[in-house]
Each structure stands twice: as structure tokens, then as C-alpha cells.
Amino acid sequence: MAQVAIPEVLPSLPARPAPRRGASAGDAVFALLCRGSAALVLVLLGAIIIELFMGGLPAFRAFGAAFITSTEWDPVQDIYGAGVPIYGTILTAILALLMAVPVAFGIAFFLTELAPAWMRGPVGTAIELLAAVPSIIFGMWGFFVIVPLMAGTIQPAIIDTVGELPVIGSLFQGPPFGTGLFTAALILAIMVLPFIAATMRDVFLQVPGVYKESAYGLGATRWEVMRGVVLPYTRVSVVGGIMLGLGRALGETMAVTFVIGNANRITASVFGPGNTIASIVALEFGESAAGSLKLSSLLALGFLLFVISFGVLALSRWLLRSRLKA
Amino acid sequence: MSATTAPRSSIPGRAKDQSASAALGRRRARTDGIIRALCTIATVLGLLFLVSILATLLVKGASGISLNVFTDVTRPPGSHGGLLNPIIGSLIQVALATLLGTPIGLLVGTYLAEYAGNGRFGQVVRFVSDVLLSAPSILIGLFVYQLLVLPFGGFSGWAGVVALAIIVIPVVVRTTEDMLRLIPNTLREAVIGLGAPKWKMVVLVCWRAAISGIITGVLLAVARVAGETAPLLFTSLGNLNWSVNLSQPMSSLPITIYSYAGSPYEDWITLAWTGALIITLGVLGLNILARAVLRARR
């Protein structure tokens, strides 16, 4: 009945103006622009993969699968292998995480549970600003401040103590150059620290207050709440945050180039010099002629770095998908 | 009988329980205290790194600051050059990269927030954009080298601009999408209910409502690319002579800092520190400004 009444009312309204033709055309154009830009992002990723692979193809052809494991890098005989840079990249990144993760956790715990409310904003911002400092600044600071400190104090101390121990001692021996894999890992750790800490803080903040309050209500201490409630609740996202840091550490270039010592050999000691994929590309690129096998090898290294870091970052995003996007 | 025996046997037991639980409580409090102290130390350590970097830059860079740095071009060691061409080169490349990357990032972010819904295509684009956000910037440089430098016969300012623009895009995408998602749907419904076409809803209402967030994203993107060194190594290369020609190799502040800091000349190293101080203050200033813009609108 009510449905019948409506048509009787409608004719008395002013005739609905026909939509102007511009409107639907404008909609179509704008939607196309947005969709096209979105497609461009995918094209960009595809183009990066293809260009790096095509650039590296001559090197892959010349050396085959052995390119990945070979530790030779001999521009005189035109023989190149990715073994040493891959080893350096992975070793420094993992050492960096070992150093950064506990500190990042401490900062996130402090910022979410321990710090007084007035302190959380400014301290959190300061930590985030550390993430904004350009890579090259970390490199200069590392080279002119940390390297002398390592050579003069820290490395001799470690060599005299840990270096004397059986088995693991051999990892911490050798002359204290100051530069080297360990110093590179330390700088990387400081660089990824704010990324991991900020992600951990954000996911810790998403734990429903009721859960924590019930644990506090049972008399739990703050650490017990963190270990028993917050960490189990956020475990997956915390790993995602650590993976995000790993992805950053793998591809870091300028800071590492300053402090790693740049030698293409695998040393038993973490104090020895080495290189990473990013550092060897940055350093050797200037001495590679266009079209040479050396340049192709550098592009092949770039392709390998892309594959490694894409995998790590994809894993990180997948682990973080549920919590960060809520 | 049990009423008489039970209390007797339970008294020493309860005393033992009490001392045990008191010990447990002390241990729990001690663990808690130690971990709280360690976490506080971790935070102090994190702040110490930032302070140490800023202090080093101020101590080593501030002494080199003079008018000369901003008015004179780079010169050979020992002849009191400045940093005018790197500064101008950086400003040109960063400005053009922002102009190029921002509209694309804005449209992609708009697509993700307003058009994609929960579709597969949108999810893939969001995922790829997020991966590109953290991808090693040196690879962007290598990519643009392959794409623009090799085929078009040489390093150029334009190649640097494109490399930096590619880094700008995902930063703007992320902030734009996040900010558009904060807009309540009732606002959109109100606009559509008035008969406006969707593109007018997005451009005139949603973008305007999210403007502070979008500006924040652009500022963060500028701060990010202003300090980028690795992608420029393979694209705009650097140029020790005065040049504002974008089809020639172009100087930039980060590249100049890199080559000066690695040189054996005392005055070049001092200039590198001065450049590093300028760039860090600029980047951190932009970050603080971005936060202030966001806070002012809320």
C-alpha cells in the first residue's frame, strides 16, 4: 500500500535533472587514471626484475649456477663469482639483527608499558627520527667515530677476552682494524633498530587493554604481562617487524661501504674485512665499462639481492598483514 | 579429631608456604626490576645513538659553515670551494622527482582506498607498493641505469630524477591510502547523495579532507629522497662543474659528501661534514614539520 503511494507523490516533485554527460565521462576518466597508476606500480616491479635479470644474463650465461657459489672476483682474468658478497650480505644482516632485536624489544617495551605518558611521545619521535637519518650520514659517523672506537677499545678488549675462548674464540681473532664485517653489522644494527622498535611498539599497542588489565588484576608484574600476554598475542607481527628490519639490512649500501673494509675474501674472524652485494656494486660500478662482463656480473648481483630482499620483505608483509592493517 | 590435628600440622606448613611465596614474590619482583632496568637502558642507548650522530655533525660540520658554502661552487682541494652546485643540483632533482612521483602515488593511493575494495588486483598493488617502499634503493638506481642511462647515452640529471621519483611513489601511496581510509563513509554518502559524481567526491571532498595527511606523506617522501645516495651513483653520477642542464650528469649533495668524505684532503672532508650537517638538519626538519602538519589538523 505504501509502495503504491510513492508513485503518486513522485510526479509532483520537480523533474529530476538528467545527469550531465560530463559527470559519467569524468568518472570513467578518473577511475581509469587511478587504475592505470595502480597498474603502473605492478609494471614497475616487473620492469625492475626484467631489467636486472637481462643485465645480469651475460654473467649467468658465462658462469652458470656456479656464479652464486664461486668466491672468485678477478677483474684481470674476467672471472666473477657472487659467493663472498652473498656471504657478507647474509652474515652482516643476521649479526645486525642479533644485536638490534633485543634493544628494539627493550625500546618497544619501554615505550608501551614502562615510560610515563608524557615521555612516550617525545622519546618515540626521537627513535623515529633515527630512522630518518640518511644512510650516508651513518656511514660517515661510523667511519669517523665508531671505527676508531672499535680499533682502539672494543675490538682489542673482545679479542683479549672472547677471542681466548676455545671454539668460538676463533671467530673473534685477528688484528683490530676497526673496519670489517662486525663493524658493518653494528652500524646496520643501529640503522634497523628504529624500524624494528617502531613496528614492535605499534603492534604492542594493538593488544586489547582488557587482556593486560586482567593479567595485572591477577597480580602479574609488567614483565609477566609482556611475556605472558602481549608477546603471545603479537608473536607473528613481531617476527614480521624483525623481517622488515632484515629486509632493510640486506640492501643497505652507503653506510656499509664506508666501514666494511671492502675485501673479496671470506675470513674466519668477524673482525676481518669483507663486502656485501650492495657495497661491491657501489664500489666496483665506477670501474666497469658499459657492456663488460664485470658490469653484467654486478647487475646479476643486483638481481640476486632483489630476489633475496623481495622474499624477505614479502614474508614480512605477509606476517604483518593482519595486525598493522586493522 | 581432624579438627584438632589439621591446624597443628598446617601451621608449620603454612609458614613454609608463606616464606616460599614471599621468596617467589621477591624473585618475580627482582626479574621484573632487572628487565625494566635493561629496557630503560636500551631506550637510553637508542637515544644516545641519535645524540651522538647529531653531536658529531655539529662539532665537525658547524665550523665549516660560512656564506661561502652556499655561494661558491665546488673547487679543487685547497682553493676554498663551496657547495653551491651540489645544493642546487639536489634541490632541482628532489623537486622534480617529487613533482613526478607525487601525482602517481596520489592516484595509486586513491585507487587503493576508493576503488579497489577487497579485490585481488588492489591487494596485489598494495602488497607490491609496500615491498617497493622497503626495497634497497641501490637496485632502483641499477634499474634506471639499465632503463635510461645505457640506452640514452650517458648519465643525466633526468635519470636521477626518475630514480628518486620511483622512491617517492610508494611513500605517497602508503600515506594517501591510510589518510583516505580515516575519512568516515558518511561524508562520502553525503556527497553522493547530493548527486555529485564519484570523481568530484574524491577530488573535492576526500582529498580536501585528507590534505594534511597527504602533505605529510609528500614531506616524508622529500625527506627520504633528499638523503638518498645509492640510486644517484648510477644515474646522475655527480658533476664537479657548475651545471643545471638535466641532460648532463648532475651534482647532488649526498654524492658530493660521499666523494669528499672518502678523499684524503682535509678541507674536502670538512666540507663533507658541513654538507652532512646541512642535509641532516634538512631531513630531520622536514620530518618534524610533517608531524606538526598532521598534528595541527587533528
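The first residue you see is number 1, and the count goes up from there.
A Cβ is built for glycine as well, from the same backbone N, Cα and C atoms used for every other residue.
Note that the structure is a prediction, hence the values are computed from the model and not measured.
Database features (TrEMBL):
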| type | residues | note |
| --- | --- | --- |
| DOMAIN | B:87-290 | domain 'ABC transmembrane type-1' |
| REGION | B:1-24 | region 'Disordered' |
| TRANSMEM | B:34-59 | transmembrane segment |
| TRANSMEM | B:87-112 | transmembrane segment |
| TRANSMEM | B:124-149 | transmembrane segment |
| TRANSMEM | B:155-173 | transmembrane segment |
| TRANSMEM | B:202-223 | transmembrane segment |
| TRANSMEM | B:268-290 | transmembrane segment |
Spatial neighbours of the transmembrane segment (B:268-290) far in sequence, C-beta under 8 Å, 6+ residues away:
53-54, 57-58, 60-65, 69, 77, 81-83, 86-87, 90, 215-216, 219-220, 222-223, 226-227, 253-254, 256-257, 260-261
Distal contacts, the transmembrane segment (B:155-173) - CB-CB under 8 A, six or more residues away:
89, 92-94, 96-98, 100-102, 104-106, 108-109, 112, 129-130, 132-133, 137, 140-141, 143-145, 147-149, 214, 217-218, 220-222, 224-225, 228, 231-232, 234-237, 245-250, 252
Can you tell me which parts of the same chain pack against the transmembrane segment (B:202-223), counting only residues 6+ beyond its ends and a CB-CB cutoff under 8 A?
94, 98, 101-102, 105-106, 110, 114, 167-168, 171-172, 174-176, 178-180, 182-183, 187-188, 191, 196, 282-284, 286-287, 289-291, 293-294, 296-298
